[in-house]
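Notes follow the structure.
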Amino acid sequence: MAELGLGLCIHASFLPKSSFKGLYLRNSSFFRTPSSVLARIEAVRCMNNAPMSYSKSGKKEHHLWMKRDTAGSGQKALHLVRIVSKLPNEKEVIQGALDKWTAWETEFPVVAAAKALEILRRRNQWLRIIQVSKWLLSKGQVLTMGTYDSLLLAFERDGRLKEAEELWRMILQRHTRSVSKRLFSRMIALYDHHHDSEKVVEVFADMEELGVRPDADTVKRVAVALGKLREFEKQKLVLIKYQNKWKYLHFNGERVRIRAEER
């Protein structure tokens, strides 16, 4: 019966307007159909006259690659952290344990080592970061900028300023044009923490020469260092060139932009 009702509606579209009203009247002489068929005809007409609504499909994210745990690097990193955390602070013992960790690897587990250093950083195990990083360098592995940053921070927290300076000089020699803003900011913060204003200005000069724009905190540290050295003209020029004119604050759950002078 449903097919009959649909068929009647299709044929009705070809009827003249005068006879088209016959679809609505049960006592029409044009269609002699049971009441159940007429009810279905009315339902089909109502469905045809109703506005069509389309539901939007959910936003589908497209990625060039899927993030995966590279050959179980997360588990390898945790295993390395457990190994070094239980060892005594003896160079030979630690290097021997790290050599065993890579003994059966066909390729050097660089990703796992980097993840292990990140875990050690979150746990504030600065001495272990220094030990693992030095072992990586002894194996001829090139550290990432993030790993260099962790090592510089570990040197600072462990009170090894001279080793941090040696590492910094090595970074500038090997990666002159690719030293990140983060590393420059780390060294400036390190010298600022040790109240060495001359070294702060020296690192900032290298930063400017390489065309790396400082962040707001670095600009403040450099300005303070220039003020301590009584180089007020240079201090003014640095603030004019690099200080942001706007500041962003969170007010009532919203991010508001205000002028820096108004803060």
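Positions of Cβ are set from backbone N, Cα and C atoms, glycine also.
Listed features, source TrEMBL:
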type: REPEAT; residues: 144-178; note: repeat 'PPR'
type: REPEAT; residues: 180-214; note: repeat 'PPR'
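Counted with DSSP, the repeat 'PPR' (180-214) comes out as 26 helix, 0 strand, 9 coil. Shown for the repeat 'PPR' (144-178): DSSP residue counts in helix, strand and coil, namely 30 helix, 0 strand, 5 coil.
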